[in-house]
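J.: I have a structure here, written as structure tokens, and I will follow up with some questions on it.
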Amino acid sequence: MSRKMLVTCALPYANGAIHLGHMLEHIQADIWVRFQRMRGNEIYFVCADDAHGTPIMLNAAKQGITPEQLIEKAKADHVADFKGFNISFDNYHSTHSEENREITTEMYKKLRANGFIKSRVISQLFDPEKQMFLPDRFVKGTCPKCKAEDQYGDNCEVCASTYSPMDLINPRSAISGATPIVKESEHFFFDLPNFEGMLKEWTRSGSLQSEIANKMQEWFESGLQQWDISRDAPYFGFPIPDAENKFFYVWLDAPIGYMASFKNLCDRTGLNFDEFWKKDSETELYHFIGKDIVYFHSLFWPAMLDGCELRKPTNVFAHGYVTVDGVKMSKSRGTFIQASTYLKHIDPECLRYYYAAKLNERIEDLDLSLEDFVQRVNSDIVNKLVNLASRNASFIAKRFEGKLADKLEDEALFAEFIAQSEQIAAHYENREFNKAIRLIMDLCDKANKYVDDKAPWVIAKQEGCDAQLQAVCSMGIELFRVLMSYLKPVLPQLAERAEAFLQTELTWDNIQQPLLGQNVAPFKSLFSRLEKKQIDAVIEETKALFAAQNKEKGKQKVENTENTAVEPIAAEITIDDFAKLDLRVAKVISCEAVPESNKLLKFQLDLGDHQRQVLSGIKAAYNNPEELVGRFVIMVANLAPRKMKFGVSEGMILSAGTGGADLFLLSADEGIRPGMQVK
């Protein structure tokens with residue numbers, strides 16, 4: 001019996017380009033959706049741009065355009081990238097749509113009527129220059145606990161303390177630099193704790209990934225909190241009904257964007273929207289997401305749906321991050337690759353295959369090893385799969401006018417290939433794509449061994465062996481057809497070219513139907529080898545792209561610094577006070593971003609006779625920390641080690657500037673050595 005399913009991908013933020021990290025999720029979901037279609041299931045695949053929030057509002061203002069213009073351009077770019085990678089969405093929409101506004105407003109009113117919306121007056125920092133309330137991330141100042149400077153408004157990344165933005169010492173607006181004032185404002189909260197029982201039951205259902213279920217248990221033990229779903233004007237988003245100058249927080253209307261995109265599809269095609277979203281729906285709902293947004297999709301989203309008497313997701317499938325050559329994607333190394341850059345140089349099917357060969361059902365990071373990428377694509381797709389067709393097709397075309405034999409040369413081998421159909425299907429269904437690829441390639445090896453053993457090039461030279469030659473080559477092509485059918489969800493473009501050659505549609509139902517006595521088209525090249533020079537071209541273009549961006553940012557940084565008022569000189573100290581500081585020259589051995597922190601870089605420093613680890617809050621100023629390797633810095637060497645949230649920091653690196661992106665490391669003339677004392 002055919003299943004009815006709705007599948008979504010997380011909504012890309014309309015404030016930046018699609019990169020290969022995004023593509024992992026969309027390729028994973030697309031393979032799963034294409035497989036379900038091949039199995040005859042009724043499935044709909046939708047997505048949208050996440051188009052609201054303060055960052056979009058500020059970026060648009062910076063560019064001198066409206067937020068609507070910004071998100072329109074982003075959507076066009078995103079759609080082109082996904083089309084380039086053959087992501088087969090049935091609909092791609094935007095959260096800044098009439099459908100989303102209507103559904104968001106309706107759900108809010110339902111939650112309010114059911115008693116799940118609370119309100120209370122809170123105190124917030126307000127930028128008097130920009131005339132706007134400041135979200136926590138747009139307030140910076142000195143930590144009230146450890147006195148570390150340039151900390152965000154909700155937590156210190158040096159001592160890991162949490163606090164209110166009002167507790168910051170010398171707070172300033174990260175937008176204008178102005179000193180904020182305190183103003184009161186009424187905010188609206190979603191009563192998440194009310195849904196703890198339902199969420200626990202949903203967690204125990206056994207359908208969620210074990211990693212998600214375990215993480216949810218940790219959140220339950222920590223205690224669920226009411227969720228602030230409102231933001232004050234100015235804000236780019238939907239206004240809250242009956243609340244002047246209040247807007248829905250972006251994370252409220254973002255997941256509702258799944259519903260809005262599907263509603264847009266339903267309105268265009270006549271599908272029954274309610275059938276998929278009503279509380280007792282018998283359809284299936286799946287969300288593919290990254291591990292960084294599990295919190296919203298496993299707590300807030302199902303609770304909101306339940307509070308509105310709607311169905312909950314059947315499952316939430318989370319995946320890990322993409323690394324390149326074992327490390328985080330890097331702009332300076334050219335591995336922070338945008339989808340559009342990749343598509344200029346490399347066939348998208350290459351990446352689809354490589355990701356599929358490594359994807360499993362767990363929440364694990366996937367490493368794109370560039371050397372392995374080239375080797376695996378050429379070995380599996382070109383040398384094994386496509387070569388299987390080409391080495392047999394030439395004989396069929398030249399000697400038999402494209403006509404295949406009337407019967408199978410090796411029925412047992414064909415039956416062995418067909419027998420793996422349900423196992424391969426199970427691997428696809430369970431998102432164990434790596435296992436499916438491994439099994440398919442094992443069959444591909446057997447198919448090539450069959451051809452090697454039969455040696456049609458030898459048979460072709462023997463008198464009176466035409467029937468045997470036709471049978472062997474037809475068998476090779478038949479096995480290629482089966483393999484291509486299994487790989488169609490992963491390689492849709494190659495499958496389309498194979499269908500043109502075989503003159504038949506590749507479906508799961510007809511896998512076991514051999515092409516006996518039928519004609520195939522003249523063979524044309526199906527796939528090109530992946531060359532290292534193509535990888536190099538992508539890397540170099542990526543480096544150039546971000547070098548140009550950094551140059552422009554550096555120019556703006558200098559201009560901003562020149563226009564910044566000089567801070568007043570601090571109170572006088574004695575020479576004895578200064579003598580207490582032991583300043584040393586240190587050489588940077590390694591430097592990397594702390595993934596869990598918005599601010600910290602982790603340095604390994606050489607001080608001549610020993611090494612130290614130092615955590616420094618200069619991440620915003622140095623987007624490419626690996627470029628600092630080999631550089632000399634000045635550090636306070638006799639500062640007591642400090643145990644921080646992300647490790648122990650054994651000193652302090654000196655820098656100048658007002659904070660955030662306006663920080664500059666101090667350096668010295670040539671000839672200095674690690675460990676030299678600064679006097």
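Backbone N, Cα and C define each Cβ position, glycine as well.
Got these off Swiss-Prot a minute ago, pasting:
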BINDING   Cys143, Cys146, Cys156, Cys159  Zn(2+) binding site
BINDING   Lys331  ATP binding site
DOMAIN    577-679  domain 'tRNA-binding'
MOTIF     12-22  motif ''HIGH' region'
MOTIF     328-332  motif ''KMSKS' region'
J.: In the same chain, which residue numbers or ranges, 6 or more beyond the ends of the motif ''KMSKS' region' (328-332), come under 8 angstroms Cβ to Cβ?
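T.: For the motif ''KMSKS' region' (328-332), the far contacts come to 19-21, 321-322, 542-543, 546, 550, 592-593, 595, 623-624, 626-627.
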J.: Which has the fewest other Cβ atoms within 10 Å: Cys143, Cys146, the binding-site residues listed?
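T.: Among the binding-site residues Cys143, Cys146, the lowest count of other Cβ atoms within 10 Å belongs to Cys146.
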J.: At the Cα level, what's the spacing in Å between Cys143 (Zn(2+) binding site) and the residue listed as 'ATP binding site', rounded?
T.: 31
J.: With every protein chain in view, what's the tally of Cβ atoms within 10 Å of the Cβ of the residue listed as 'ATP binding site', excluding that atom itself?
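T.: Counting Cβ neighbours of the residue listed as 'ATP binding site' within 10 Å gives 19.
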J.: To the nearest Å, how far is the Cα of Cys156 (Zn(2+) binding site) from the Cα of the residue listed as 'ATP binding site'?
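T.: So the Cα of the residue listed as 'ATP binding site' lies 27 Å away from that of Cys156 (Zn(2+) binding site).
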J.: Using all protein chains in view, find how many other C-beta atoms are within 10 Å of the C-beta of Cys156 (Zn(2+) binding site).
T.: 23
J.: Across the whole of the motif ''HIGH' region' (12-22), what does the mean pLDDT come to? Round it, please.
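T.: Looking only at the motif ''HIGH' region' (12-22), pLDDT averages out to 96.
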J.: When DSSP states are grouped into helix, strand and coil, how many residues of the domain 'tRNA-binding' (577-679) land in each?
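T.: DSSP classes over the domain 'tRNA-binding' (577-679) add up to 7 helix, 47 strand, 49 coil.
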